[in-house]
Amino acid sequence: MVSSGIQRLFYVAWSMIKLNLYFLVCTCIGGIVFGIGPAFQALSDLLNEYGMSYQELTFKRFFTQFKLNFKIGNQSYWLATSFTLLLGYNLYLSIQLQGLIWLMIDLLLLTTLLLVNVTYLYMTLYQSTYEIPFSQLLKLAVISVFYHFATFLKVVIGLISIAILTWYFKGLAVFLSVTLVAVWSGYATKNIRQMIDGKLDSHA
C-alpha cells in the first residue's frame, strides 16, 4: 500500500517535471517572446486530456499542441501581458506617491492586475475544453472570475505561494513552477468551471 503510494507520487512528480521541461523547450523554439503563450496552452491541453498519465505526456503531443495553439496562445498571452505591463507600470508610479487616495489607487491597480492574470488562466483552461471564438473565450473567462470571489482568492493565494517557493528554490522554475501554476489553477477553479459547463449545456 505504501509502496504503491510512493510509486504514484513518483509518477505525478515525473509527469509535472516532463511538462515543465517541454514548456521551456517550446518557449525557446518560439523565440521566448512568441513561445510562452502557446507553450503554456499546450501544457494546459495535455493536462486536460491526459492528467498525470506520464506515458501519454510525450513531447510529440506537446509540440503538436504548441503548433496548433500558436496563434490563440499568443493572442491570450499578449492580451494579458499587455494589460499586466500597463497596470504594473502605473502601480509602480502610484506607490511612489503618498496619501490615502493614492493608497486606494494602489489597491485598485493591484486588484485589477490580479484579476487580469486569473482571467488569463481561465482563458487557457477554457481553450483546452471548448472550441469557441476568441471574444467568447474572453467573455466566458471574465464571467468566471467574477462568478465566485472565494475561488478567485484561492487561485491568487496559490499563485503567490508558488511564486514564494520559486523565489527561495530557484530550481523549481526549471522543473516544476509552470506546471504547478497550471495544475493549481485547474484544481482551484474546477467547481466553477463545472458549474459554467452545466449552464452552457442547459442552454445548448
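Glycine residues also receive a Cβ, built from the backbone N, Cα and C atoms like all the rest.
Long-range Cβ contacts of the transmembrane segment (20-43) within its own chain (Cβ-Cβ under 8 Å, at least 6 residues beyond either end) map to 57, 59, 62-63, 65-67, 69-70, 72-78, 124, 127-128, 174-179, 182. The transmembrane segment annotation in TrEMBL covers 20-43 (among others).
Under 8 Å from some Cβ of the transmembrane segment (77-95) lie the Cβ atoms of residues 36-38, 40, 102, 105-106, 109-110, 112-113, 116-117, 119-120, 123, 138, all in the same chain and six or more residues away from its ends. If you look up TrEMBL, you'll see 77-95 (among others) marked as transmembrane segment.
The feature transmembrane segment is assigned by TrEMBL to 101-125 (among others).
Tertiary proximity for the transmembrane segment (137-165) is limited to same-chain residues at least six positions away from its ends with a CB under 8 Å from its CB atoms, namely 76, 79, 114-115, 117-123, 126-127, 130, 172, 177, 180-181, 184-185, 188-189, 191-193, 195-196. Taken from TrEMBL, the feature transmembrane segment applies to 137-165 (among others).
Look at TrEMBL and you will find 171-189 (among others) tagged as transmembrane segment.
Same-chain neighbours of the transmembrane segment (171-189): 16-17, 19-21, 23-24, 40, 43-44, 47-48, 118, 121-122, 124-125, 144, 151, 154-155, 158-159, 162, 165, counting only residues six or more beyond its ends whose CB sits under 8 Å from a CB of the stretch.
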